[in-house]
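Asks: Can you read through this structure? Questions will come right after.
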């Protein structure tokens, strides 16, 4: 695999494609000396989950802090916040109020607030809750060791919510695998500025990690036994990773399609996913990757938000319902049975019954498998927060219930249709409900539970689906020599 030219991947990828560098083999590092305990409470998206894991890595490497699930025994207590939903700030201050007691009796506990609410509120958090020691944004989590030391040395609260572009990734420890599936962040921020969204203001505009840096991280994880890579970004399919800028050469850029093709060549990687996407950036290059790369999961999460062109325009999404459906048709031409999930906002300011019916028509036409659906939540500082909203809350809730019921019914029919089929499942570990069984996910993100030998954990197995449950599937392994 080392030295394999990316230009060999396909004719489509051959134009100005980089050659793969020899990728390092990850070697286990000596465990840090444990000098204290760390507790992290995480709210929000998968990007926050990834960031929290990196906080733990940074503080384990530099401060010797070991994770605990009990804040009362922790030396450092952090909350990684999300500002997408309504009343996010109040929920954070409520959490902080409960933690204030941790400092009783002069215990030198460090309390920190990170994430998107931290970016929005900054110094205001310390003014309202002066017992908070650290406030840091998503782009400055790598500076946690310096912030903690500065707090202890100066006795003053530390606030750093700057946007130092890609510096964060340059200063993180080598990745540590914690199971057969891993998240890899390939970009930060968003430059779309949808009228309802705070992400560009809390995480900054789009910045992509260099192409080769991503490949190195994936190779390190693969060497540690990771078999499934989940590529992360607020607008992940806008990825433009620089390469080939040595010796004064002008940089070239790899898009998500080329990144996926290249990751698929890394030994050990058997499945690739990515989230979250924007329809505007769903390119023909990505469709071609679905056509050509069998490791790319037969699943796509593509948030559409609404089916009314009038509402999509007010949201500043940049596409029409017809344009969205056109992209889905292109994708299904190369992956006819792909599962597609989406996001919907119900009750956006000015949404009429006719607008909502157009959303339901889009749902029917596309046949979404799953959705993350919410009633519109006004976010201060966004353009949509100034729009008049005169739709009664009861009407919004009724629309949401109808939308979710429709998608849930369709998802149930898909699950039922999988009975009798053989699904490729990555074995993640013992089932939560029955430790004598194994569990993993199908390509279309359904949990699958089945009897099996624990030594199969971390491997792909073929499972015959025998029963569809409300939120999962049951099955049995199609036996071969390795599964005996």
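Any Cβ shown, glycine's included, is placed from N, Cα and C.
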Asks: If you check Swiss-Prot, which stretch out of 428-450, 451-473 is marked region 'Disordered'?
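Replies: Here Swiss-Prot associates region 'Disordered' with the stretch 428-450.
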Asks: Pick the one from 116, 190 that Swiss-Prot also lists for the [4Fe-4S] cluster 1 site with 45, 82.
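Replies: Candidate in the recorded [4Fe-4S] cluster 1 site: 116.
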Asks: Quick one: which residues besides 190, 194, 197 have a Cβ within 8 Å of the [4Fe-4S] cluster 2 site's Cβ centroid, in sequence order?
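Replies: Other same-chain residues near the [4Fe-4S] cluster 2 site: 192, 193, 196, 198, 199, 200, 234, 235.
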Asks: Once near-sequence residues are set aside, which residues in the chain of residue 197 ([4Fe-4S] cluster 2 binding site), 6 or more away, have Cβ atoms under 8 Å from its Cβ?
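Replies: The list for residue 197 ([4Fe-4S] cluster 2 binding site) reads 190, 379, 382, given in order along the sequence.
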Asks: In sequence order, which residues at least six apart in the same chain have a CB under 8 Å from the CB of residue 194 ([4Fe-4S] cluster 2 binding site)?
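Replies: Set apart from residue 194 ([4Fe-4S] cluster 2 binding site) by at least 6 residues yet with Cβ under 8 Å, we have 305, 315, 316, 317.
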Asks: Suppose the [4Fe-4S] cluster 1 site is 45, 82, 116. Which further residues of the same chain have a Cβ inside 8 angstroms of that site's Cβ centroid?
Replies: 43, 44, 47, 48, 81, 83, 84, 115, 202
Asks: If H, G and I count as helix, E and B as strand, and all else as coil, what does DSSP give for residue 190 ([4Fe-4S] cluster 2 binding site)?
Replies: coil
Asks: Quick one: what's DSSP say for residue 82 ([4Fe-4S] cluster 1 binding site), helix, strand or coil?
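Replies: Residue 82 ([4Fe-4S] cluster 1 binding site) sits in coil per DSSP, no helix or strand.
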Asks: Fewest other CB within 10 angstroms, which one of the binding-site residues 82, 116?
Replies: 82
